[in-house]
Ligand code: CAO
């Protein structure tokens, strides 16, 4: 099957998570992704949090599938020469080094554009160019704080909280992938490459859009009716942390199910969708609430929403999270069990859809990873193992026209 990005050659000058997540996605869709890594060490995640001695860590294998690995010291003149050759025949270069690193290496945007005017140069940085923090190096949690996620996540009586979801890293990578694909389409029209830049702060803020909505509502009316602080608590002048409250117009909360005393994940998320009130009353056996003026409308319910949630918890007390969802789904109530990583890893539906995949690996045996969350009618992205360090060095150099002797010479000076 021909994949849509087949024929697109990408220099993957990325490391850790934000950049690799982007290039991995493009590789799944058919791009020829060549990961350029420092000889001897490679991407730092190859060694981070190893669970098997001498085998690439899961952090690396789960973010670098379907790629080739070329070792190249791009600070040595011989290495720079190889990189220049690669640049001349590639479509995209993706990088997420610290601020200024590519310029210091001698590959500024101007130089890259001179070497290959059709090439798209895509970068992730912590902050956007010209931002007063644009000299900062940034990791995931730093971005979550800078992008507004931390100040609005967690409970009101606790500190700002980091999400487990990689809002700063993989999310930024996904934004960059959209930028690259857009620039490739643009190039079809203009024949020209361009620079595509995404900052982690901006990408986090983009996902916190509704919190900026809430800031403006708060400034106008002084309260936010869907937050637990309403109507009895206090509002200050910034969007507060709302615990597990629903973020849209539907109140919701995490509710205890059977076994919560010993199982920290025996919970469901329960949503009270306005028009589903009647089915909810039927489901939990509270028919009398349907026409009771104290419960009938969303406005009437909001002041005592926690009493309602408490009552639902009483109903849930003898049901596991799975039993509860099986009942509630019949009433069309938006809800889900709180699933653990163990449950997700073994979920037959996720295995069948290719969202959880088992990948054979030369050194690890096999490992689980998350496959493409994007599904196509004409293509099933296949996940292949991440490359060993330098696994494709000879192949890539031969493709660039280097002879065996020249490759030997490059090895002698430790340029590859
Ligand atoms: N050959 C020779 N040198 C190489 C090389 C290669 N193949 N690949 C990288 N290098 C060099 C770079 O030229 C740079 O050298 P200088 O600093 O001397 O110019 C250095 O290695 C890499 O620097 P760095 O700043 O990228 O690395 P770091 O470990 O200090 O910082 C990080 C890591 C992630 C904080 C930083 O890269 C960063 O802020 N990136 C942008 C934001 C980002 O993507 N963060 C998300 C990471 S995922 O959590």
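Going from the start of the chain as shown, residues are counted 1 onward.
Note that Cβ sites are derived from N, Cα and C of the backbone, with glycine treated the same way.
According to TrEMBL, the protein carries these features:
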- 15-18, 38, 72-75, 96-98, 104, 137-140: CoA binding site (BINDING)
- 169: active site, nucleophile (ACT_SITE)
- 248, 249, 250: substrate binding site (BINDING)
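Sequence features, as recorded in TrEMBL, placed on the structure.
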residue	record	CB count, 10 Å
15	CoA binding site	23
18	CoA binding site	30
73	CoA binding site	21
96	CoA binding site	29
104	CoA binding site	12
139	CoA binding site	14
169	active site, nucleophile	28
248	substrate binding site	11
249	substrate binding site	10
250	substrate binding site	16
Contacting binding-site residues for ligand 1, chosen from 248, 249, 250 when the Cβ sits under 6 angstroms of any of its atoms: none
When distances run from the Cα of residue 15 (CoA binding site) to each of the recorded positions 169, 248, 249, 250, the nearest one: 169
DSSP-derived class (H/G/I helix, E/B strand, else coil) of residue 248 (substrate binding site): coil
Sorted by sequence, non-248, 249, 250 residues with Cβ within 8 Å of centre, substrate: 226, 246, 247, 251, 273, 274
Nearest-integer angstrom distance between the alpha carbons (Cα) of residue 139 (CoA binding site) and residue 248 (substrate binding site): 29
Minimum Cα separation from residue 73 (CoA binding site), reported as the residue among recorded positions 169, 248, 250 that achieves it: 169
Distance from residue 169 (active site, nucleophile) back to residue 249 (substrate binding site), taken between C-alpha atoms, in Å: 29
Cα-nearest neighbour of residue 169 (active site, nucleophile) within the listed binding-site residues, 18, 96, 248: 18
Spatial separation of residue 248 (substrate binding site) from residue 18 (CoA binding site) - C-alpha basis, Å: 28
Distance, residue 96 (CoA binding site) to residue 250 (substrate binding site) (CA atoms, angstrom): 38
